[in-house]
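*Asks:* The annotation DNA-binding region is assigned in Swiss-Prot to 191-212, 239-262 on the grounds of sequence analysis. The domain 'HTH araC/xylS-type' feature in Swiss-Prot is assigned to 174-272; the stated evidence is sequence analysis. Residues or ranges marked as site 'Interaction with sigma-70' in Swiss-Prot (evidence: sequence analysis): 250.
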């Protein structure tokens, strides 16, 4: 597995924050690094595999990667990211208690993927632009300015993420997407889902397509297929059992959609035929 080193991304040893845009981000094999990373998903879609667990990502998602994590990107479609790299929180000169603004692991669960609305995404872009404009200088005012902007970024992300809740349309759609991640295997009525999240059916279709580039059913199918592929690689369950457990009522239809999505049949994935691409 590749290890990325801070010396290749930070302009100086003393600089605590660096910006690394990926416009676009193609498929990238599993790797880890000796720094932390906040991934801002600008637009497009892809699959982010963090510590072996797949997540479908799209515009407005924020991913928090620790220096102890391993991750990779695959099956990307016009995926544009901005990576905010930062050193260990104890390396900051003026900021104390920084960890309180970051996701915290609790009972073995690490809430690594957040969602923000489009207004917050624009705020975040502006803060990142200002961070990019700060020089690599180490005089007190420059260091303080850099760290203040980074703290403002963390505050904006936390305040406007799903953790804090909101009632606008963007927030309701983000809650819907998070709900689908947890309930992908259930039979879905889009009319009932729209009612559940106080959206009109037309708004649901339009907004989900705008956020993910996919129709609602296509997005749900991709979620199911990604989860199924994970089980094919990491469990001994039969293909038929996996198809049913991921929400497909017909294993033949599942196999057809699977090959169309990934270019391999479920049995080929089970046999590790795609291993060279992982």
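Glycine is treated like the rest: Cβ placed from N, Cα and C.
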*Asks:* For the DNA-binding region (191-212), find every same-chain residue at least 6 residues outside the stretch whose CB is under 8 Å from a CB in it, and list them.
*Replies:* 45, 58-60, 169-170, 172-173, 175-177, 179, 219
*Asks:* Take the DNA-binding region (239-262) and average the pLDDT across it for me.
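*Replies:* Here the mean pLDDT over the DNA-binding region (239-262) amounts to 94.
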*Asks:* Would you mind listing, in sequence order, the residues at least six apart from residue 250 (site 'Interaction with sigma-70') in the same chain with a Cβ closer than 8 Å to its Cβ?
*Replies:* 243
*Asks:* Please report the three-state DSSP label of residue 250 (site 'Interaction with sigma-70').
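*Replies:* Note: residue 250 (site 'Interaction with sigma-70') is coil by DSSP, not helix or strand.
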